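Inspection log for the structure reproduced underneath, given as structure tokens.
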Amino acid sequence: MDNGIRVKLVNYTKKPLETVTWAALISYWDEWETETFGRMSDKDVEMHLPRVLGYGHESILEHATLTFAIEGCSRVCSHQLVRHRLASYTQQSQRYIVLNPEDVEETFVIPSGIKEDPELLAEWKELMKKSIELYKKSVERGQHQEDARFILPQAVRTKIVVTMNLRELKHFLGLRACERAQWEIREVAWKMLEEIAKNDELRPIIKWAKLGPRCVQLGYCPEGELMPPGCWKRTGEKWKTLFEG
């Protein structure tokens, strides 16, 4: 189902895997050889990076950052996102942007379970329309947007720019790409992974750094009895398609 959430990788550290590999090798060199960065090749990356990450030396991942644009998620979702504090965020302001909605589902995220109940869906939409009407009426009567926004439900869609280093991104994906994560933040997490997979320069790091849910990172499901039936196999197969095609 299309929930109207869009994620785009808009920028990342130049030569990200070379940067991370070079930083790893610096640990073993007697001299400070900055010139060697310019000579880093794909062969050097393939020879050293998987091995170093395999040892668990993940601090080197902090030298590469990725910036994503996320649009159409709810503020329920963005509240979960910003709990990951080792990242940078810039979110669309409800104080300076006047909301001018034309359609309820374009303005608010409605869970699929609600959509499957026609009677309940009608009540939801009615309440959402009422909140929009009161918001617009408040602004028209001279109330500041920063006050009028109080009437809007958490379901209102938002836009947010997120920058994470690769190590924090791995932590984020470990928690939020899991099937037990809330469905909306899980969708965002997998869309971020898909954006990385589309990039030839970045794709190898998915496998080498095990960017994905914790079951992929650990080799077992840490949820124990809470693991959804069939999740282990289903998630593993989905993850492998990111770099195997």
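A Cβ is built for glycine as well, from the same backbone N, Cα and C atoms used for every other residue.
Annotated features in Swiss-Prot:
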- Arg176: active site, involved in ionization of N3 of dUMP, leading to its activation (ACT_SITE)
- Ser59, Arg83, His84, Arg85, Gln91, Asn165, Leu166, Arg167, His171: FAD binding site (BINDING)
- Gln80, Leu81, Val82, Arg83, Gln91, Gln92, Ser93, Gln94, Arg95, Arg149, Arg176: dUMP binding site (BINDING)
- 5-210: domain 'ThyX' (DOMAIN)
- 83-93: motif 'ThyX motif' (MOTIF)
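Note: the CA-CA distance between Gln91 (FAD binding site) and Gln80 (dUMP binding site) rounds to 13 Å.
Residue pair His171 (FAD binding site) / Ser93 (dUMP binding site) shows a Cα separation of 27 Å. Checked against Val82 (dUMP binding site), the recorded positions Ser59, Leu166, Arg176 differ in C-alpha distance, with Arg176 being the nearest. With the fewest other C-beta atoms within 10 Å around its C-beta, Arg95 stands out among the binding-site residues Arg95, His171. Arg95 (dUMP binding site) and Ser59 (FAD binding site) have their C-alpha atoms 38 Å apart, to the nearest angstrom. Under DSSP, residues within the motif 'ThyX motif' (83-93) fall into helix, strand and coil as 0 helix, 5 strand, 6 coil. Our reading of the dUMP binding annotation (Gln80, Leu81, Val82, Arg83, Gln91, Gln92, Ser93, Gln94, Arg95, Arg149, Arg176) yields a largest Cα to Cα distance of 29 angstrom. Arg95 (dUMP binding site) falls within neither a helix nor a strand when secondary structure is assigned with DSSP, and so counts as coil.
Taking the Cβ of Val82 (dUMP binding site) as centre and 10 Å as the limit, one finds 12 other Cβ atoms among all the protein chains shown.
Ranking the recorded positions Ser59, Leu166, Arg176 by the distance of their Cα atoms from the Cα of Gln80 (dUMP binding site) places Arg176 first. Each residue contributes its Cα atom, and for the residue listed as 'active site, involved in ionization of N3 of dUMP, leading to its activation' and His84 (FAD binding site) these two points are 10 Å apart.
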